[in-house]
Structure formats: structure tokens, C-alpha cells
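K.L.:
There's a structure below that I have some questions on.
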Amino acid sequence: MARPPKERPVDTQVILQKLAEIFESLYPPKLYQSKSYTRISTVANPIISLEYTLGNWYSGHSDSINSIVISPDGQTLISASNDKTIKVWNLKNGEEIFTITPDTDTVKSLAISPDGHSLVSGKINGVIQVWNITTGKEIHTFAGHSYQVFALIISPDGQTLFSGSSDIKVWNLDNRELVRTLSIHSGPVFTIAISPDGKTLVSGSEDKSIKIWSICTLTGHLASVYSVAISPDGNTVVSGSYDKTIKVWNMNSKKENFTLTGHLGAVNSVAISPDGQTLVSGSTDEKIKLWSLSTGEEIYTLTGHSDAVTSLVFSPDGQTLVSGSRDSTIKVWRIQ
């Protein structure tokens, strides 16, 4: 009678290694998408160390995401959508805290005060509203724009609000008065940014130009400028355009450092990491690209959205990137 074959010992480590190789061959990008905060790299003795993890996938909005901001303490995320709501989320666990419904008009832009107590929203009808971020109650309304408010930003000292529409208006948040109207662009103002010292305002417009207020005008894009960002040290301006390019400018020389190409669609949003090392861009090509701000080298491409990426923002510690899209979702990416 033949003897049964002798069982060979199972080498668990070899099996795990083979599984890892198969996984990497099927999913070459170091990216894992999850609908929760469970990360594959947090298991004991992880097989694969992921460089970028999609930590959460918010799905509370029913239409395109227009704007997202993060509170200064990094605990709260606020989003505005074409579904005519503003949602306030716990950034750590992904839970919705409450929803603000600003009448019946769509909110196009958001800004949060440096102390994290107030939220400002700009609507498609030109009205600007100030909210208590803890209670969701309206504090004040600014009326003055006759066109939709595309961009909002608050000065670092929390005293001044800048709003971009068919012009730029400067508001005093203490006495709630209009200080000044800036009408230099020949088209709608889609984006505004302010330097860390609060002394320089940068605006981008449909007229293809970027203006550094009280200093100069930068020209070079061949189409509307949709987004601008200023580096933490105030020395660099980055602009994203409908012409599918990103331009990096030297604030001291007022000259272009270089142009970044790689997106296949308009660049809707740009953001710079808190350490000033990394630039991120979001496009109608549904992709998010990470670049070295100093060299212009493309570092990584994040995929996952199924429509145009409209908004990007870093958490204060630089470890979280949040993206909003026309696909109605907000994605939270962990940068390790």
C-alpha cells in the first residue's frame, strides 16, 4: 500500500511575500482607497507600506463640491456644495457635525477666521454671510457684490475680509463696513490669496492675469487663472489656469520660475504644503498631482475622483490633504 505523501511545512512568510508581489503587480500605485479610516499600513507587521492613503471618503453632499476649508486646529472640515448646503465635519472620524442651509442660493466660496471661531461663505447671488462655526448660527451678512462670490480670504490678523467677484471688495470684520473696492481686473476674479504677513494680496482672473496688489501684475497664462497660492515664506506664488498649466513665480523678482505641465485639463485648484516643500494641483482631468515646489519635479499622481477636482487644502500639520470634486465627494488623503 502506497504511503501518503509527506506534508511539507508551510512557510507563511513566503506566502505573504508572494501575496504582496501579486498585490503590487495589480495595484502599482502606492495608494489604497477606503471608505473608513482603517489603513492597510496599520496592521501588525504590514506587508506593504503605503506612501499615500485615502483615509476617508465623505459622501454627504448630493452635488458638486465648490469649496473646502480646514480649521486652524486641524480638527474640523467645512465644505460647500452646489446642493446649496454647507456641511461641518469632524476631520478625525469623518462624522458630520451639522449642516448649514444658507437660504436657497448656492455657496461658491468659504473662508475661516484665524481663530477658528467664524466661517464666511460667499453665494452665487453676491451675498456674503458670516457664521458661528460652533453653533452654525448666522452672525452677519455683507451685501455689495452684484455677481457671484468666487473667492474669500481673511487676513492673518482676522480683521479684514477680501472677496473676489466681478471686482475685489475689502471688508472690515470688526465694524462690518466696506473699506474699499478694487476694480483692476477686466474679468471676474476667481481666486485670491494673501501673504503670511498680511501685506500682499494676490488675485487671479478670467482676464488671464495675476495681480499682486500695490506691487505689480504677472502675465503669462494663455487663459483664465482659476487658482493661486502663496508659499508660507511669502517668496513664491503659484497659479493654476484653464490653459492646463501651473506657473511658479518669484515674488521678489516678479518673474516666472518655471511652468509645470502634465494635467490634461484645466487646473482648478492649487495648494502648498505648510512646510513649503510640496505643491499640489487638482484638475478637470480628475487627477491630483504632487510637485516639488523648488524643482518643479512631479512627485506623484493621485487618482480616485470620477469628475473634476475643484478644491484642495492641507491640514495645518501637513499630514492630511483634502480634495473636493464635482463627483460630489470629499476625499481625505493621509501623507506619511
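One-based numbering along the chain as shown.
Any Cβ shown, glycine's included, is placed from N, Cα and C.
Pulled from TrEMBL, these are the listed features:
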{"type": "REPEAT", "residues": "58-99", "note": "repeat 'WD'"}
{"type": "REPEAT", "residues": "100-141", "note": "repeat 'WD'"}
{"type": "REPEAT", "residues": "142-167", "note": "repeat 'WD'"}
{"type": "REPEAT", "residues": "182-215", "note": "repeat 'WD'"}
{"type": "REPEAT", "residues": "218-259", "note": "repeat 'WD'"}
{"type": "REPEAT", "residues": "260-301", "note": "repeat 'WD'"}
{"type": "REPEAT", "residues": "302-336", "note": "repeat 'WD'"}
K.L.:
Using Cβ atoms and a strict cutoff of less than 8 Å, what residues sit near the repeat 'WD' (218-259) while being 6 or more residues removed from its termini?
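P.N.:
Same-chain contacts beyond the flanks: 187, 190-197, 200, 202-212, 265-272, 274-276, 279, 281, 283, 291, 293, 296.
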K.L.:
What does the DSSP secondary structure composition of the repeat 'WD' (182-215) look like, as residue counts for helix, strand and coil?
P.N.:
0 helix, 15 strand, 19 coil
